[in-house]
Amino acid sequence: MAAAPSETTARLRALGLSSTTVYVPPDHAYIKYDQTQNDSGQTDSLQEKVVQSLKKSCTCSKAKAKKFLFTILPILAWLPKYRIRENIVGDVVSGITVGIMRIPQGMAYALLASVPPIFGLYSSFFPGLIYAILGTSKNLPFGTMAVVSVMVGSSVERLVPERTGLPAMSDNTTAFNATDDYLQQLWIEDKVAISATLTLMAGIFQLGMGICRLGFVTIYLSDPLVSGFTVGAAFHVVGSQVKYLLGLEIPRYSGPLSLVYTFIDVFRLITQTNVAALITSLICIIILLIGKEVNLRYKDKLRGIPIPTELIVLIIATLVSYYADLNGNYGVNIVGDIPTGLPVPKAPDVSRLLYVLPDAIVLSIVSFAVSLTLAKLFAKKYGYSIDDNQELIAYGASNLFSSFFSCFVGSTSISRTSVADAAGMKSQLMTFVSAVLLLMVLLFIGPLFRPLQQCVLASIVVVNLKSMFRLFTELKPLWKLSKVDCMVWVVTWLAVTLLGLDIGLGVGVGFSLLTVVLRTQRPNTTLLGQVPNCDIYRDLGNNQVKEIDGIKIFRLNMSLCFTNCDSFKTALYKKTGLDPVRVLARRKKEEKNRKKSEKNSAEMGNGVANPGMAHTEEDDTMGQNGGIASMNHNGVEVKRTADVTTIILDCGPINFVDSVGMNTLIQVYKDYKSIDVNFLLAHVNPDIRVQMQSCDYFEKVGGQKLFVSVHDAVLFAVNKDLPVTERPTQNVNYEMETHL
């Protein structure tokens, strides 16, 4: 007759293992350490590693010099390999198309930046040339952007207050008019000077970030945050253009509630609307919207070359204004004199660099984040890589160089980039073609736009915001995907709209980081069970898994750091049903009651216990580990087995552990050891193992073993019958051999 199977064999069978595979933990089932060696088996000292690293970095060779030169000047890498037959047509066509777009957009965005329109053309011409030489994107037409331009305008208006002390206007006083014109010119020159200084400071900041390899800063600007910021900025763009659309004379506000003050003035002065300007604005907006819809709907038939609706509107409006004399007859504001030729290089006012520093930092980060997002999007589409740090250097050098020509901060726009891509842009050669067209405008054609109405440029700006307002459609799917990200979107949008671009961005970043901190403070935790007949462990909420008697498998789905250590311990004790502190307190109380009962019985001489020490119903819930029931946060009783001997922590999702987290693990181990419960770690990250070795973790916990997998830890716990204090420890080579 066959002998009855042992208890261990029966438990192994319950785990889906053959009775012949009695588990004796091999050396490769858990990870052990020797402090004389590191992961690679090498014994190099830190000093030797530093010396080797310095030698490698400081050694110069022809190959390294060539690589460095091609890195800082990417044009040297792609221009010699340029395929003329395949790419030249696409670059020429897209260059002409984008060049035509740059003319009206550059002049319109100059109004956003609070500088004369000619400086918008300069800002479309100079920065792109430098980016074409230093940039790593093949599909990015660098120039002006609405959001960045309105940020520049907001800063300029705040840093250069509205002119004061001017004499009252009088048709009969020529001297007063001359003085007013002179002071007006000084005011405009001061705004241009501040704009150039702002561009210089932004260029220096971006260049410094690129040299210091700080291209990673954009990770703190999440997609929901950028989208909310963009929509909020679009509201400010509209607010800044309303006075041009209606022909009103109202000041431009900056700072918190500036948009509210602007619309208060608009409604207060609505009766003074210039009817001719309003009619012109409505006609231009309708034509531009129809043109954009036609380009979108018949994109395939147009073969990627859109109808230049903006340029057509610009030309027609200029002709109408000239022959109808809209400025003289109806008081419609016009662009005015546009100088010909290129500006003479002039150093910005460096004495104001610190004065514009806060604004320049915000501008630098926003323009870099938006441009880099577009660059990566098209790089992914066409299968090439983008160097974040080199992009920073390219943006910084572009702004630094263009500041000497009185340009405002450059960036790129979604509409211009999309048009360039649809027109067949293949490389940055397109930028040089576009620059030739802009150069012709600057040298010969610019003065012809003198009678152009400002309301036409404002109409172009407002219509180009259509794509930004479409970002509102992201809210519904974003709410379904992540309510926290949706809140980041909404909070950033409201903050930017009400508090201004710079403060609003700060609020958005702060709120976004706060959500990360709050989520780390309340990590997701779960208990695992075994899928029958295999070594896979899943959440106990899955009906197909079962819990192993005497073993609790706990998983922390987040890194362990000072922000969530308390939450980790609370969740661990609650879900496993074993709180060492409460168990020890209960045991002490029981021991005290037992001794008191024995003493009373001895005094009475008849062995009857004191009625005051009667056995309570609560004591019935206490078992070997101090209790078989606990209450969850809803007050519902959570039952568990009374013979839990092992707690296994699945460390797979834990990417790092800080010093507080490491001390927490040590404390949890000691707490469970005090109530004779094993605390095992499985699936520990290699970096965390190195950290454990460096902080003497294993000496503090008595040589605790780290298991390759949860299943190895389970088998170890099932096979071990000795108390935790009697289990052997070993110290061998620090090496992990995967046997699964």
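From the backbone N, Cα and C atoms, a Cβ is placed for every residue, glycine too.
It should be emphasised that the depicted structure is a prediction, and the values quoted were computed from it without experimental measurement.
Which of 392-414, 668-690 counts as transmembrane segment depends on TrEMBL, and there it is 392-414. Ranked by number of Cβ pairs under 8 Å to the transmembrane segment (266-290), the listed stretches 429-449, 456-473, 493-518 are led by 456-473. Here the transmembrane segment (302-324) has Cβ contacts under 8 Å with residues 93, 97, 100-101, 103-105, 280, 284, 287-288, 290-292, 294-295, 332, 334, 419, 422-424, 448-449, 451-453, 456, 459-460 of the same chain, all six or more residues outside its ends. When Cβ distances are compared across the two stretches, the transmembrane segment (192-212) makes no contact with the transmembrane segment (456-473), since fewer than 3 pairs at least 6 residues apart fall below 8 angstroms. Mean pLDDT for the domain 'STAS' (541-717) in this predicted model: 77.
Note: the compositional bias 'Basic and acidic residues' (588-601) comprises 14 helix, 0 strand, 0 coil (DSSP; helix = H, G, I, strand = E, B).
Touching of the transmembrane segment (353-372) and the transmembrane segment (392-414) is concluded from the presence of at least three CB pairs under 8 A, sequence neighbours closer than 6 excluded.
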